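Structure first, then comments.
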Amino acid sequence: MKIEAVIFDWAGTTVDYGCFAPLEVFMEIFHKRGVVITAEEARKPMGLLKIDHVRALTEMPRIASEWNRVFGQLPTETDIQEMYEEFEEILFTILPRYASPIHGVKEVIASLRERGIKIGSTTGYTREMMDIVAKEAALQGYKPDFLVTPDDVPAGRPYPWMCYKNAMELGVYPMNHMIKIGDTVSDMKEGRNAGMWTVGVILGSSELGLSEEEVENMDPVELREKIEVVRNRFVENGAHFTIETMQELETVMEHIEKQQLIIS
């Protein structure tokens, strides 16, 4: 059994180390309304379509309770739409600064292509957002063969539709000849729901939530503890494999092929 394609996530996986572009904006749109949310809370739904992310935040019990304290009622769909529109407006202005490929990604992509592997991608960003990110990333040397956004399919993650559309456009089947790699719980669910080999990448991920500088300066024991927490979270949510850096991906691929593994 040969792996024929790899489907990559974007922010936190191939670009934007630590997935910081949307984080501050999510926190800001709530803070402006007198509702303080933590970075950990803001990251929890990461990987979803962004309006679904806003909605998921409003449904968290602590945030909903705080909103009720401030406004005397729970968030409405109108509130969600208003916050999402504000989120988009702010995010569009900063996205170009968060499109640089993560260290080592371009080299791994080049190596995969030398093997004849096709490169697809999925995202929680809208098509309009990705027009900005993909253009800037391409200028810096990263351009997958195909990109699918939630706008292109009936629903985003955790549904498998973006992966299926990649498979159709890349001409690869069955789905167990493909790997899905990402940095969030919703990525793991997307890959498993699509029937693909699913890999979670830890360093640079939204789930780890650390900048490169923080990783470099953190006590090794503390960093290892945080890495293992994320690793376990990925596995609990369906990851077949976890890797700390993208450079380990080809080893995983070779293991699948050599051992003739079967998705369970």
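Each residue's number is its place along the chain shown, starting with 1.
Positions of Cβ are set from backbone N, Cα and C atoms, glycine also.
Keep in mind that this is a model prediction, so the values were computed, not measured.
Mg(2+) binds Asp9, Ala11 as Swiss-Prot records it, and from the list Asp152, Asp183 the residue named for this site is Asp183. The C-beta environment of Asp183 (Mg(2+) binding site), restricted to residues of the same chain at least 6 apart in sequence and closer than 8 Å, consists of Asp9, Gly12, Thr13, Cys19, Gly47, Gly200, Val201, Ile202, Gly204, Ser205, Ser206, Glu207, Leu208. Listed in chain order, the residues near the Mg(2+) site other than Asp9, Ala11, Asp183 are Trp10, Gly12, Thr13, Thr14, Asp16, Cys19, Met46, Gly47, Thr123, Gly182, Thr184, Asp187, Ser205, Ser206, each with its Cβ within 8 Å of the site Cβ centroid.
Between the CA atoms of Lys50 (active site, schiff-base intermediate with substrate) and Ala11 (Mg(2+) binding site) there is a gap of 13 Å, rounded to the nearest whole number. For Ala11 (Mg(2+) binding site), the same-chain residues that are 6 or more apart in sequence and have a Cβ closer than 8 Å to its Cβ are Cys19, Ala21, Pro22, Tyr98, Thr123, Gly124, Tyr125, Val133, Ser206. Other Cβ atoms within 10 Å of the Cβ of Lys50 (active site, schiff-base intermediate with substrate), summed over all protein chains shown, number 23.
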